[in-house]
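**Q** I'd like to ask some things about the structure below.
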Amino acid sequence: MSDLEDKSSAVISQDKINHDVDEVNFTEEELARLEKIYVKLDFRIIPALWCLYFLTSFGSSAYGNTLTMNYTEGHSLKQTLNLTSKDTSTASALYYVGYIIFDVPMNIIMTKLAPQAWLSRIVISVGLVYSCYAALHGAGAIIAIRFISGVCGAGTWPGMSYYISLWYPPHRMTRRIGYYFTAAQMSAAVAGLVAAGFQRIDGNRGMEGWRWLFLTYGVITVAVGISLSVWLPDNQIDRQSRFKFMNKLKELNVYPLDESDRLLHERDMSRYRTSLSWTWKDIYTIFLDIKLWPLIMMYFGVVGTGFGLAVFGTTLIKSVLGLSSIDVSLLYAPIWLFDLAAILLITPFSDKFKKLRPLIFSGATVIIIVGLVVCTYAGPKWSRYGGLLIAGFGLGPTVPTCMSMTAEIFGRKYGDIGVAVSAALVSGLGNLGSVTATYALYSGWPADAARQYEYSNMMLVVICGFSIISAGVCVLFQRVIKDKKTLY
């Protein structure tokens, strides 16, 4: 371990990075101004990131709903395209494969370009691809386009984490990440409600309800993606691009702070942020850092569970309760409203008690496990549905807390490139949990349907257990392998 730490220091000198947050050189008046500055930034940045994440997350939730939309009429996506259970699980898994392969490259590109322009590009690409779902015919088409969807969406989550780190210091990040992470929960809830609505126009102009849903969603997403290029501010006001149209867009992008506030904000951020030149060797060093891997495993378990419930939540509800397709879509929404409530209630404590983040993460993961056990083994059917609500509540604070820990640990050690690469690696490799949940479990395990997916649920319990163990290992590594300053 010590040899690896020496190599890390050789690649990126710790002397270049000043992360000593205890060296506060602000007057009380300046500290009060800083609070107001971050509120100003919140009003400009958080709504934009919320819309961005809502739209990029909506597609996956909508896809899960389309598998059961209008199934009584034989017009669900699965029935229309004559998909087998294997086709469904393969298509779902390939989405995350595309995401995993391209997550790191997309985030590295973002560090070289205007971040807000790259995030805008992601949203526009996602909208264009999902519009094409309306023209799908056959299993091969859905499998291919799910992979392309993953490629287009790659870099979204780590890209937002990197972008937020350019504007906020680490001790302010978890709450902000939690704010825009609520968009994923709202998109999942809204997807269920929207799916219920689009089922009522099934057959209009010869198109199934799910085709109308994807077409409408795609057009709206492209429009919002274009607006994000000027809605999200550029943190480098003097940045010039080689492309004339980018410079034209920059003229429309109004900086959110006046000159005096900008200088004070830069002073505050200079204690945490550093822009170092980097090479591929630096990225290789971050990849080999032993502290990265417990964070990946933490993310693996909770994200695998989250996406398993996001894609197959309607399948579970249909299996347990046996209701109509519209009722199933409506009951899917409350799971993510519980998730949203947990984010709003718990993530502020993660920022306030930074040293307890691993404990907060582990406690939330225990709640997920309890929910899955109740969903699987409770007697009354509605109690089992209640288990899904409990699991949804537990999921809420896990991802924001994990990503904040990642930014805190690697930002202190490697600077901006550490935040960008570690976020992409944790998000990308951690999404192997999503591949596991969507390919090997639920529809990927046809024999489990007769058991009402008992074994699939228990496999999610197991990987959540690995997440809790990994949180403990993360704390252990932080205490055993000392950097310039260790938080946990």
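For all residues, glycine too, the Cβ spot is worked out from N, Cα and C.
These numbers come from a predicted model, not from an experiment.
As annotated by TrEMBL, transmembrane segment applies to 43-63, 93-111, 118-136, 142-165, 177-198, 210-232, 296-317, 329-347, 359-379, 385-405, 417-442, 458-477. The domain 'Major facilitator superfamily (MFS) profile' annotation in TrEMBL covers 45-482.
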**Q** For the transmembrane segment (458-477) and the transmembrane segment (210-232), decide whether they are in contact, meaning at least 3 CB pairs lie under 8 A, counting pairs 6 or more apart in sequence.
**A** no
**Q** For the transmembrane segment (177-198), which recorded stretch in the set 43-63, 118-136, 210-232, 329-347, 417-442 gives the largest number of Cβ pairs separated by under 8 Å?
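**A** Ranked by Cβ pairs under 8 Å, first place goes to 329-347.
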**Q** Report the listed stretch (93-111, 142-165, 296-317, 385-405) having the maximum count of Cβ pairs within less than 8 Å of the transmembrane segment (329-347).
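**A** Looking at each of 93-111, 142-165, 296-317, 385-405 in turn, the most contacts to the transmembrane segment (329-347) are made by 385-405.
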**Q** With a Cβ cut-off under 8 Å, give me the same-chain residues at least six positions beyond the ends of the transmembrane segment (417-442) that come close to it.
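**A** Same-chain contacts beyond the flanks: 12, 89-90, 92-93, 95-97, 99-101, 103-104, 106-108, 110-111, 154-155, 157-158, 161-162, 165, 276, 278, 282-283, 286-287, 292, 295-305, 307-308, 311-312, 315-316, 402-403, 406-407, 409-411, 448, 453, 456, 459-460, 463.
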**Q** Could you give the residue numbers and ranges of same-chain residues that sit at least 6 residues beyond the transmembrane segment (118-136) on either side and whose C-beta is under 8 angstroms from one of its C-beta atoms?
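**A** Beyond its ends, the transmembrane segment (118-136) has Cβ neighbours at 52, 55-56, 59, 77, 81, 106, 109-110, 142, 145, 148-149, 152-156, 159-160, 163, 207, 211-212, 214-215, 217-226, 228-229, 232.
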**Q** Count the Cβ pairs between the transmembrane segment (210-232) and the transmembrane segment (359-379) that lie under 8 angstroms and are 6 or more residues apart in sequence, then report whether there are at least 3.
**A** no
**Q** Same chain, outside the transmembrane segment (385-405) by at least 6, Cβ under 8 Å from its Cβ: which residues?
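**A** Sequence-distant neighbours of the transmembrane segment (385-405): 157, 161, 170, 173-174, 177-178, 181, 185, 295, 298-299, 302-303, 305-306, 309, 313, 316-317, 320-321, 331, 334-343, 346-347, 350-351, 357-358, 360-361, 364-376, 378, 423, 426-427, 467, 474, 488.
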